[in-house]
Amino acid sequence: MSNRWRFVVVVTLFTYCLTFERVSTWLIRSGEPVQHPAEFPFIAFLTTERTMCTGSLVSTRAVLTAGHCVCSPLPVIRVSFLTLRNGDQQGIHHQPSGVKVAPGYMPSCMSARQRRPIAQTLSGFDIAIVMLAQMVNLQSGIRVISLPQPSDIPPPGTGVFIVGYGRDDNDRDPSRKNGGILKKGRATIMECRHATNGNPICVKAGQNFGQLPAPGDSGGPLLPSLQGPVLGVVSHGVTLPNLPDIIVEYASVARMLDFVRSNI
């Protein structure tokens, strides 16, 4: 098999796995567990009956996440804030009232909902808004994270922060390997050296950290600092023949601002 076709097959498999029922998302591999919920008061934990995703509160009634997180045949049934782990009784829980998927991602969304293979990756458009049935109470400690400016697209070499509830096969604690634990990490922006759709932001593990998003982190934010703004949303991972590690593609929020602003 040629390198070109091997690349197409690998990308297709990654995308299909991330949108299927049992593996809907991407982990902060080798990440550091967050010790206090107030460190990321804007982070949301999205769950269906079988899967989980990460999101960011961008208005008092809207959570920004990945399109593939809401395109599963299983709907999101709960959105939790100020929670460090799955099942945390101290968190604040909300019910979703609806979702808005970016138009550019709808071909992949329809395929996922109908359980059909994804024809092509649309990671640059992989953005959705989950609307909440009730406004969050900002007096509770939950915070809204700011959106970027249209020019806020980080250049290659930029150090960034990543946050999410994903699984971590590198965690020495067996109870934390399957995800549902909020972790943070560092990574680096790189030039996308492969064919993409929607002009995503490509991210590689930081040279001294080895941390990347993984299943469960999908929809999680790409941050220039721990306070924001949210520059990107985790879409999916890609393996390239010349690189030893996975490259993670993020949908650029700056490039999707019109959609986001009109739906929050």
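Heads up, the Cβ atoms here are built off N, Cα and C, so glycines get one too.
Take the candidates Cys109, Cys202; Swiss-Prot pairs Cys192 in a disulfide bond with Cys202.
Cross-referencing Cys53, Cys109 with Swiss-Prot gives Cys53 as the cysteine bonded to Cys69, criterion being a recorded disulfide. Here the CA atom of Ser218 (active site, charge relay system) lies 19 Å from the CA atom of Cys192 (disulfide bond). DSSP assigns His68 (active site, charge relay system) to a helical segment in the three-state reduction. The recorded positions shown are Cys53, His68, Cys69, Cys202, Ser218; of these, the one with its CA atom nearest the CA of Asp126 (active site, charge relay system) is His68.
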